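Below: one structure, written as structure tokens.
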Amino acid sequence: MGETPVVAILMGSQSDWPVLQGAAEVLQHFSVPHEKAIVSAHRTPEKLRHYALSAAERGIKVLIAGAGGAAHLPGMLAAYTPLPVLGVPVETRTLRGVDSLLSIVQMPYGVPVGCLAIGEAGARNAALLAVSILSLENPELAELLREFRSTQTQRVLDQTI
Ligand code: RP5
């Protein structure tokens, strides 16, 4: 796939990394070049704007954005770029991530964000979805994804109680 990052993993805070790390691990498994950055919608709004506006011309094809609480990072990124934005709601102590989920999933018509599940499963699935999107134009990646799915299926079929 080359060396240039095609997926960006963004998070609102360093404290989100334990969750978003799952996305990085999945992308590594598929050898998808990616970059990571802390970009906060409310703490570093200018950085967010610049990042989103320059992403496509730098070769990024999919953005994965995780945030917690009033999680406006994915929506604000989507406001600045037409690239697909996959939002990952990070679990919060006070509302267990339901706040993050509702903030990300309830985008009004016109500026979509693909919202995944709360927490690590969501982060890992965001990466799988990014692989799936990239597979549309990459037959080798599509084959790897097929293998991943069939290995997973076989693992479950082999399980006994
Ligand atoms: C959000 O606020 C971040 O995405 C994070 O989930 C949450 C808490 O951030 P910290 O106070 O831990 O930096 O912006």
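Every residue gets a Cβ built from N, Cα and C, even glycine.
Note that TrEMBL annotation is computational and uncurated.
According to TrEMBL, the features are:
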BINDING   Ser13, Asp16, Arg43  substrate binding site
DOMAIN    5-156  domain 'PurE'
| said: Pairwise over Ser13, Asp16, Arg43, annotated as binding substrate, what's the top Cα to Cα distance to the nearest Å? | reply: 14
| said: Please list the binding-site residues from Ser13, Asp16, Arg43 whose Cβ falls under 6 Å of any atom in ligand 1. | reply: Ser13, Asp16
| request: Indicate the candidate from Ser13, Asp16, Arg43 with the smallest number of other Cβ atoms within 10 Å of its Cβ, considering only these binding-site residues. | output: Arg43
| Residues within 8 Å of the Ser13, Asp16, Arg43 Cβ centre (excluding the substrate site residues themselves) | Met11, Gly12, Gln14, Ser15, Ile38, Ser40, Ala67, Gly68
| remark: Whole-number mean pLDDT, the domain 'PurE' (5-156), equals 98
| task | Could you find out if DSSP has Asp16 (substrate binding site) as helix, strand or coil? | result | helix
| Which of the three DSSP states, helix, strand or coil, fits Arg43 (substrate binding site)? | coil
